[in-house]
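The structure under discussion appears below in the form of structure tokens.
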Amino acid sequence: MRRERKMVRMRPYGMCPHFQSTPPTDHRPPHQGLGDGRPRTDPKLLLLVETAYPRLGRELAETLVHNRLRYKMEVAGKSLPALTNLDKGRYSVIVFENYHRYLNMDKWNRELLDKYCREYGVGILGFFPPANRHMTGVKVKGFPLYLHTKLSLRDAMLNSASPVLRVARAGGVYQGPLPGDDWSVFTANHTTYEPVAWGSNSSGGRTEYVPLATVMQDHGMYDGISRVLFGNGLNFWLHRLLFLDSLSYLSKGLLSISLERQVLVDIDDIFVGESGIRMWKEDVHDLIKTQDRIRQLVPGFKFNLGFSGKYFHRGTWEENEGDDTILENVDKFNWFCHMWNHMQPHLYNNETHLEYEMSLNKAFAEAHGIPTNSSYSVAPHHSGVYPVHELLYTVWKKVWNIRVTSTEEYPHLRPARLRRGFVHRGIKVLPRQTCGLFTHTIYVDRYPGGLKKLDESIMGGELFQTIVYNPINVFMSHMSNYGSDRLALYTFESVFQFIRCWTNLKLVSSGPLELADKYFKMYPEEIDPVWGNPCLDQRHLKIWSYKKSCQHLPKFLVIGPQKTGTTALYTFLSMHPNISANIPSKETFEEIQFFNGRNYYKGLDWYMQFFPSNDSVDNKIVFEKSATYFDSDIVPKRVQALLPNVKLVTILISPAKRAYSWYQHAKAHGDPNTLKYSFHQVITANESVVPKSLRDFRNRCLNPGKYALHIERWLDYFHHNNLHIIDGDQLKSNPVDVLDQFQKFLKITPPFDYSSHIRYDAKKGFFCKVLEGGGNKCLGKGKGRQYATMDTESYKYLREYYMPYNTALVKLLRKLEHTTIPQWLKDDLSYSST
């Protein structure tokens, strides 16, 4: 007996208002540049908000982040931030969360801001906050513009003649109440003002349409400044489009988003599903018919079917007939491989077993005429893609030649606006989006909130905004969404129609390989991954191998810089019964050098192998020392992502002496630059004329000594309480006291008594480990190496070179409440002042 179907039918085409298609406005006039053709302002906006945590300001910032538009947020105060940099404006648009802040600025700042806007052609965008009571005809301070406040509105319409419109398309009326009862609308008695959008007053039982301007454009004819003013925030979806269009218009195209939207719809688990929720023959036919209709809206569109062959013909006879119908129409779809048994890849810890499972699915595909050359795959439940399971990447490439995949989990599922892509081991990982449908979303009456909530997502809500904000959309859906009420067909066709009706976006579809190439061409900065900590996300833990654990990742890092005593500290710390160092590397000895070099691309599994779990280290504080971390631009961000609570240790000595020691170290290791150039030639080399090899060598010699600059970068990502600074001279002359202070920083109780385990070796000239037999074990060959004293001319040059950096270091140490300024720092500064 066939089960009864409760079919949701596609709404009639009349949902789309009739309009005449007009091309979007190009907001890039030819005269926007400086004399040399450069734009007069940076492609960045200044967002001035009411408080540190404003509601509307937060929504504006989130919209900017989602659309990858650059901005700076400042709390509106008594003074303005710097608006220019040399001959160029820092901002191309000024946005006021509360436009009254602009209207009520003091005379000095108002004149300064207005002058900047006129001279650099910068526009102002402002929002009027909700009023406490209804008022009519309130004059906007200083302008021939009037406000009517605290209104309830309905039936929005756009002005098709407005030059602001770009993403938003005019031509029809959005019927229904607009959200909220706190709308402000505008009237004006000057030709500089032109409505961009209207609403209608919903009170009084009117049946005729009385337009009330909800968004007003100021062409700048009154005072020479272009503006767009909003009578409400971003609660109404159309205002979100107009916000983006206003930024593009006011910035003369500098703050614009692309009008092309790539769409790929994956249907995961095409043969997977419990009996009773799988597709029938007529479902497949409707899938094909809907696909044909969608292709009229999205050229080149095909559903992308992911299969797990083990579950073929596992349903009722109607569902098995549906499986057969899919294969009879195999050429009408695109295909990608899933797992043979739909098992999560991270559960496999044996390459042979994983390869066998994938090979079964490939054999199934070949037997049934399913293409096997898409080079795209999706792992069940995103398992193994991120957090990365290295075996998956290995076997994907080996069996299927996978070059592209997708996931919702990088860096995390939520918030969706922060999803990004990355490339690992040659496989491009695209960010994946959800459409609001899940495996259990089968019937419309079981959709959370019913059809009304689904329509809200489609008509201006979350799904609509997802497509508007993302130039490339890879959607996840499931076979079960296409049977029963066929909610996925309804959802996708509806949202594509709505976008066609209300926007100028061009919807197109391409295969995964082409999408990946386009994505990373648009966002090349995302090619490098940033590894996060799987143990900080419950979703990530569920798709991470049970054999892995974050518990043995380092609790503190000795970050350098080089030639300040980091190896000595590493040796002393390794003696501590409650502290355990990483396993030495075959290539870099005691240093892993993970966060700052090519090792980072080997992935988290590679890094974690240096911190194994065993009885001897389970209850110890694990640490890593890599002296090259200190002055790297990218390392602090990477460390914070993986080890957000890690403690940081740095050692500082006179930067002049550090540079000389580093040069001598390079010379001892046969660096060819030390054979060609003396130390003085290296440090005084003119960077604009010397060969690149010498320029790079000079930078590696001098840059680490700019201590304050690098410490500030670390403090951008870590609280100052996580940072411990050691005086390298004190570590050399009095290591016991230094190590006692360090144990207090780590809160180790009871402290280890170093005084009976290290002692001064007169022959070596530094402290060494005391052996049980009474002898000393000192650092190996090259440590404590003696070399000629630095020449006076070089010493003088370096002290002058480092003077501004040393001055900044003193200020920073005082800011960090360090009670003692190192003697070497006082000496360097006093020498420079004489």
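Placed from the backbone N, Cα and C atoms, the Cβ positions cover glycine too.
Reviewing Cys701, Cys768, the cysteine that TrEMBL connects to Cys778 via a disulfide bond turns out to be Cys768.
When the binding-site residues Ser661, Gln786 are compared by the number of other CB atoms within 10 angstroms of each CB, Gln786 has the fewest.
In terms of Cα spacing, the recorded positions Lys563, Cys768, Cys778 that come within 10 Å of Ser661 (3'-phosphoadenylyl sulfate binding site) are Lys563. Less than 8 angstroms from the CB of Lys563 (active site, for sulfotransferase activity) sit Ala627, Arg658, Ser661, Trp662, His665, each of them six or more residues away in the same chain. Residue pair Tyr787 (3'-phosphoadenylyl sulfate binding site) / Cys778 (disulfide bond) shows a Cα separation of 19 Å. Take the CB of Cys778 (disulfide bond) and look out to 10 A: across all protein chains shown you find 17 other CB atoms. Mean model confidence of the domain 'Sulfotransferase' (554-803) amounts to 91 (pLDDT, 0 to 100 scale).
Most Cβ neighbours within 10 Å, among the recorded positions Cys768, Tyr787: Cys768 holds that distinction in the structure as shown.
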